[in-house]
Amino acid sequence: MGRRYFGTDGIRGRTNESPMTAEIAMKVGQAAGAHFVRGEHRHRVVIGKDTRLSGYMMESALVAGFTSVGMDCVLLGPMPTPAVAMLTRSMRADLGVMISASHNMFADNGIKLFGPDGYKLSDDDETAIEARLEKPVKLAASADIGRAHRVESARGRYVHAVKSSFPEHLRLDGLRVVIDCAHGAAYEVAPLALWELGAELISMGVNPNGVNINDQCGSTDTRALQDKVRETRADIGIALDGDADRLIIVDNEGRVVDGDQLMALVAVGAHRRGELRGGGIVATVMSNLGLERFLAEQGLSLHRTKVGDRYVVEAMRAEGFNIGGEQSGHIVMTDHATTGDGLVAALQVLAQLVESGKPASELLHQFDPLPQLLKNVRFAGGEPLKDEKVIAAIADAEEKLTGTGRLVIRKSGTEPLIRVMAEGEDKRLVEAMVDQICDAVRKAA
């Protein structure tokens, strides 16, 4: 049976519409709290959020839910998703919660859950929590209701942890860095960490007002960052998304560097230092075939998973890899973090930039990607991928791309979208096949 609330990255949707209502958020708090109340000790949950307007409402609803079943709440305020994961483990909490819709606009919000080890919950845990949402709740006795308090030291603790991932013998002195925080969760901690390491810093996207998160800024819209890098003659530009678990880089010439290129860079660097485990990296089916070929030339493998950084992390843990990620900019380095951390990843890139002495435009473009095209088709309902004409269009494209490329068609786990991606050596064929499938999906939807 399909899950009603949880998608590929927790629960997400438009605020004040199911499942992102205060009522459901309170029930999630109760259900998750009940699921993680184990033993006789006092239970705690760490809660962070990004800067969107609805964060206050969702935070209050979750606190009501958790405290009603006897869990104490540690409130971090606006903090990156990886900070919540790190502090959940550091504070020995039973559960961590991030209130964010990541790269989505302010009208959406979401709930991501982390276990006491700082890793995102498994499908089994999420399914168990979802099952509890439909059952009666056992509330705590009056004397056992949980308490809530805010922790003011959270920012400093996270900045310290992030900086510890940067080589001690290096500094960023003399490096002109433009950072775009997307008016999101990292608007304070990211500039602070870079400044403390000595960077000549130019900050953008650091004035959140509740509705401007990810609005023409951040990792999903780098145009302003590209312009600023060129205008200021910066050495590099850093773009984070709303909850700072993604990283996209802009080189000194204003060109965008995606997650595939960044994974190639950090993997080769780690391999050279003897620090790469697993004999390669983990990425999703969306990563470019050029990355796979490049790694093979270095004697390294690419292990692919379905889309979602949590599935990347699960494969990394199961197979013994320590570097993985997604083309979209989730870069996971389990030597430093339990989930994608845009700031940690940025520091690893900056470390290699400083050590190499090369300009970013020369260092960061590790391989020539194959022509790749991704288009999204919005649909109102139903199952357009089961339509006969859509199935036929996909089969035709697969046949024509056999041996020279790949085709990935999937339903988004966070939005009502069908994502159509094709790549291959023939750019015109790739474009034609994507358009062919998108047209069929639109007619079916």
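Placement of Cβ uses the backbone N, Cα and C atoms for every residue, glycine included.
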Statement: Given that Swiss-Prot records Asp241, Asp243, Asp245 as binding Mg(2+), the matching residue among Ser68, Ser90, Ser102, Ser412 is Ser102
- line: Ser102 (active site, phosphoserine intermediate) sits from Asp245 (Mg(2+) binding site) (Cα to Cα, rounded, in Å) at a distance of 8
- prompt: Taking just the CA atoms, what is the gap between Asp241 (Mg(2+) binding site) and Ser102 (active site, phosphoserine intermediate) in Å?
  reply: 7
Message: Cβ within 8 angstroms of the Cβ centroid of Ser102, Asp241, Asp243, Asp245: which residues besides those meet this for the Mg(2+) site?
response: Asp50, Pro80, Thr81, Ser100, His103, Gly184, Ala185, Leu240, Gly242, Ala244, Arg246, Gly340, Gly342
Message: What's the number of neighbouring CB atoms sitting within 10 A of the CB on Ser102 (active site, phosphoserine intermediate)?
response: 30
